[in-house]
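TrEMBL has this to say about the protein:
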- G18, P19, S20, G21, S22, G23, K24, G25, T26: ATP binding site (BINDING)
- 15-226: domain 'Cytidylate kinase' (DOMAIN)
Amino acid sequence: MTEPQTERSAIPVLTIDGPSGSGKGTICRHVARRLGWHYLDSGALYRAVGIAASWNDIDLSDASALVRCTFDTTIDFQEGDDEPRVIVNGMDATDELRTETAGAAASAIAAIPEVRAALKDAQRAYRRPPGLVADGRDMGTVIFPDAAHKVFLTASAEERAERRHKQLSEKGVSVTLPGLLREILARDARDANRAVAPLRPADDAVSIDTTGLSIEAVVERVLALMPAR
Ligand SMILES: Nc1ncnc2c1ncn2[C@@H]1O[C@H](COP(=O)(O)OP(=O)(O)O)[C@@H](O)[C@H]1O
Ligand SMILES: Nc1ccn([C@H]2C[C@H](O)[C@@H](COP(=O)(O)OP(=O)(O)O)O2)c(=O)n1
């Protein structure tokens, strides 16, 4: 006899949305590990499509080619001790994926409604037992609107730029702080002002301003929101 399938809507989800550098990826990975739940980095999917487009010389203004590229791109996450490796069309694209160029390309293609629609089912397929922690811009509003736990992380733009500067410097990527701040503000504006699935807190999300808070403090605050899990 086969195992009874868990009804997908019965699988618990914690969504963590917010702007660039608010700490979504870091907090999600810690919380997912503590809960023993799966983790979805939805931004990596948009970044992967952007990278596949650049590998195929597709212009970011060519919406129909980008939609075809979204359907043609394969994305796999390989779990390890540290950050998961992201394999795009069979190639390890982890380092290229984290650059600000990839972030800006992802933000541009993420404004195309058909690209978002093409990634919807793939994102929902990550909802597997015993639970999912989902990181992005529209996790609580569009992809998992029925999630029992929703968080919106923020931090001042200056602190987010400093965090990203430190993160990239540690990886040997040379960037200037004023340049990063400009890029972050431009990305915030584009993600928040697009017509489809703009960056905004779900009505039932708890907002946490992480400015001046340690990673550990934010992890504890998030876990404290889920006493009945
Ligand atoms: N509360 C925090 N305090 C200090 N640094 C943080 C905090 N949260 C995240 N960071 C650091 O900021 C950087 C960006 O965090 P990240 O998780 O990549 O953000 P996002 O996924 O929202 O873009 C990482 O180097 C991370 O270690
Ligand atoms: N659920 C999502 C996730 C990311 N995006 C878009 C918008 C973002 O600027 C880019 C990159 O997202 P990502 O979460 O990887 O970026 P940060 O780590 O926050 O800098 O993708 C989106 O539109 N919807």
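Including glycine, each Cβ sits where the backbone N, Cα and C put it.
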Taking the center of the Cβ atoms of G18, P19, S20, G21, S22, G23, K24, G25, T26 at the recorded ATP site, which other residues in this chain have a Cβ no more than 8 Å from that point?
I27, L153, A155, R160
State which of the following binding-site residues has the fewest other Cβ atoms within 10 Å around its Cβ: S20, S22, T26.
T26
As a check: which entries in G18, S20, S22, T26, the binding-site residues, place their Cβ less than 6 Å from an atom of ligand 2?
S20
